Amino acid sequence: MTRPRPVVLIIMDGWGVAPPGPGNAADLADTPHVDEWMATCPFTTLGASGLDVGLPEGQIGNSEVGHLNIGAGFIVYQELTRISKAIADGDFFTNPAFLQAIEHVKQHNSALHLMGLFGPGGVHAHEDHLHALLELAHRQQVRRVYLHLFLDGRDVLPRSALGFLDTLEGVIARLGVGVIATVSGRYYAMDRDKRWERTGRAYAALVDGIGERATSARAAIEAAYANDISDEFVLPTVIVDAHGTPVATVRDGDAVIFTNFRPDRGRQLTRAFVDPDLNERIRQHYERQKAEGQPLPPQIWQRDRQLHDLCFVTMTQYEEGLPVLVAFPPRYVTTPLAAVISQAGMRQFHIAETEKYPHVTFFLNGGREEPFPGEDRRLIPSPKVATYDLKPEMSAPEVTEALLQAITSDQYDFIVVNYANPDMVGHTGSIPAVIKACEAVDAGLARVVPAILERGGVALVIADHGNAEQMIDPETGGPHTAHTTNPAPCFLIGGPGYGKDTIRLRSGGRLADVAPTLLELLELTPPADMTGQSLIVRNL
């Protein structure tokens, strides 16, 4: 059987699969062509949310993550999920950066410090990761382990730290390792706006033992609440013993593990520890601020001294060039689908209207801006309306025309198109408009698919996440405007040799399986890092 050409990936953005009902606009729409293909062609559904796309369990999918997974051909884990998965798998406890920090403190007979945002917020850090580090220290028999808790109050309730402290104290008691040495509101310890005077107060508590004083973390938090200060704004506080001496400070020869996985609010404090040119950098910053006529702080903070022989580990890469160990370095999508096609000398065409153009280019290509050799692109402007329920067809007719030109040019081996309508109109919450949006997509495919089949090509039709199939909120009965956790449809339309009598699409797939499926149709071998599996099962 000759290789199909072109192989076309059609992404019906936001068209999920759900039972019929008054809120399922995709089902309510008059879409005879899509309905027929779903019924008569090889069909399956794909996991497009939660763990299937590298998000936390139960989290709705989105277009950025969806297209990243589609193009990568493997599950692209977001940092929270990646670290939590490493804990579950056990890989966390053999992480080279963590083990190097532990070896450092053993060789220097020094202390291990764990610092980061405290609690289950999951935006910048997660308490499970801190608990796992305590477990690691216990397994490795590290005796001196000190905790520096940055209180949240933003990604969680403003005064919730005491509850998280109960949990942490239970872990410490169970493992017999860990002593809380400082607490500080994230306002100080996690500033990202070059307000160095805030960072300086946190650093002074951590390194010099200078700040508010309390006999325990609980006492520090309760004292703040008594002064009507919520978690975020708790002044950097040093925990002291019965003699008024700090329980611990970070010293020369120690090791620090910064538990934040989101980079932006970890950079500044990390620089305070490891940047040899910090004071000059701060001075230049305030000189620029002064030249721009901006107000300066009453006192410009300068680091008294930089710690020596410090082993500093960040959970993820906060910034290129920092002299730190990175526990979970960025995992780049080195050979996305478009790269494999390009390396084979094939031509490809990526098209969408403005709203979804970055998704079929930047995100599908693994975060790469530039096209690969042999990759052509076409951007169709989205209509300029206040909200897309006013024009539910959006630019689908124009996308279809340009797509037909690409197909009939016979230049391309692979084509990808995104129809934005079900998602973008779905966000308006208007069921009549979303019905029209789905009908506009059906009308476009009614013209496109025959042109593909006439040339001996095939079309793989999918969605990247759900939306249009759930327009009524099950809790409130009001409009539902968000994405869903419903699966995405996936069906293959082709000529002889591609019907249900010849092949089927396996169940249990996810978006990461799309690229290997397309490469099988293109008769190309997936690269080693493309761990997704083709959905095609050939009937014997």
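Each Cβ is built from the backbone N, Cα and C atoms, and glycine gets one as well.
Swiss-Prot annotations:
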- Ser63: active site, phosphoserine intermediate (ACT_SITE)
- Asp13, Ser63, Asp464, His465: Mn(2+) 2 binding site (BINDING)
- His124, Arg154, Asp155, Arg186, Arg192, Arg262, Pro263, Asp264, Arg265, Lys356: substrate binding site (BINDING)
- Asp423, His427, His483: Mn(2+) 1 binding site (BINDING)
Could you tell me the C-alpha distance between His427 (Mn(2+) 1 binding site) and Asp13 (Mn(2+) 2 binding site) in angstrom, no decimals?
12
Between Asp464 (Mn(2+) 2 binding site) and Ser63 (active site, phosphoserine intermediate), how many Å separate their Cα atoms?
6
Cβ neighbour count (within 10 Å, all chains shown) around Arg265 (substrate binding site):
21
If one measures from the C-alpha of His124 (substrate binding site) to the C-alpha of the residue listed as 'active site, phosphoserine intermediate', what distance in angstrom results, rounded to a whole number?
22
Using a 10 Å cut-off on CB atoms, tell me which of the binding-site residues Asp13, Asp464 is the least crowded.
Asp13
Within its own chain, what residues at least 6 apart in sequence put their Cβ under 8 Å from the Cβ of Pro263 (substrate binding site), listed in sequence order?
Thr316, Gln317, Tyr318, Glu319
C-alpha of Asp155 (substrate binding site) to C-alpha of Asp423 (Mn(2+) 1 binding site): distance in Å?
27
Measuring Cα to Cα, tell me the gap between the residue listed as 'active site, phosphoserine intermediate' and His465 (Mn(2+) 2 binding site) in whole angstrom.
7
